[in-house]
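Here the structure comes first, spelled out in structure tokens, and everything after it is commentary.
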Amino acid sequence: MLDELRALAIAAVVLSHFALAFGSQSAVAFWLNLPDLSVGVDLFFVISGFLIFQNLADLTDRASRFTRAMAAFYARRLTRIALPAWAILMALAMANLEHPASSAADLWTAAAFVANVHWARCEVAPRCGDALAASHFWSLASEAQFYLLAPALLFARGRAPLYAATATILLLALIPRPHGSLLWALRPEALLLDAALGSEVRRRATWLVKAPPVSAGMAAWWILVASMMARIAIGPFSGLAWTLVALVSAGVVLGSLKGTPIGSHVGEAVRRVGRASFSVYLIHLPLIGVAAESDAARIGVPAAVLGALAAIAAATVVIEFAIVRPAAQLGRTWSARIASTHYQSHAADRKSIRV
């Protein structure tokens, strides 16, 4: 069901950006801002933390040395995430030459995966370009930075990852994290919590059997609950609110492991959206920005929204098949070659020693 959760997450994120872009032009969009549907990013983070730990552990088991496993891991992440992101940023940079929307700093910080730091500074000093062009790269930056720390979790044994994640999120619950700040953008608890969950699943922890299954409908309900928690994440209790959002997202992911997938053609369509969610995420915001800032005044909000949805769908298909899937395949091939080559080399060395 993880693909269904990805579809839910990207739907929430896209809706939140439509609400942000059209909120001053449409009553429907204005009220759509009531729940903070950007919590779809937290759900993405939780899914990523879970899968990253599983991927790291599998590579460590296959490779002969820890350093080789890390090389295989980073090779796969670089091609899977960075190459498509850089391709979209190049397109944005070329579009920016004709219709300036992003500052140079918006683009290079996104390419360097430090956009979360860049946009957090924009909250206190207006030095950034149009937030509807490239600001969504902040979440890719937070995830990429987590990749640098994730291997350390493999050194923990037993329940240590779970205890470490629990201690971290309890500490973060006490720290105010206003919307747009750097601590808000990092979201470490969402990534750490499900990396710890991945560790528990891998060691077949007995307490996991007590987790209730979560259907797609229940997952949508709980994400709506999390979005209302996020909306009141202000003042001294903002840290607690974001911690609760992470816990809800982790519970949804855990329950989905035992849930029943959506059946029929509807379920398959939802899962296809989930599998293409990275492509949707990369391209949706600038297209929404163009629709809100240029098209809405000319053709009206409803037509601009429909046009943006059509453009997002068309661009997603192109990006998915021309960039994202080839990059993912290249990453898998490169990663497997690094791990297997060094495994075979190490095995040959041991054989020669025995002889």
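Note that Cβ sites are derived from N, Cα and C of the backbone, with glycine treated the same way.
Bear in mind that TrEMBL entries carry predicted annotations, made automatically and left uncurated.
Among the ranges 39-57, 134-152, the one that TrEMBL lists as transmembrane segment is 39-57. Beyond the ends of the transmembrane segment (207-234), by six or more residues, the same chain brings 1, 4-5, 8-9, 12, 34-40, 42-43, 177-179, 200-201, 241-242, 244-245, 248-249, 251-252, 254-262, 270 to within a C-beta distance below 8 angstroms of the stretch. Of the Cβ pairs linking the transmembrane segment (240-257) with the transmembrane segment (278-297) and spaced 6 or more residues apart, fewer than 3 are under 8 Å, so the two regions do not touch.
The domain 'Acyltransferase 3' (2-318) scores a mean pLDDT of 89 in the predicted structure.
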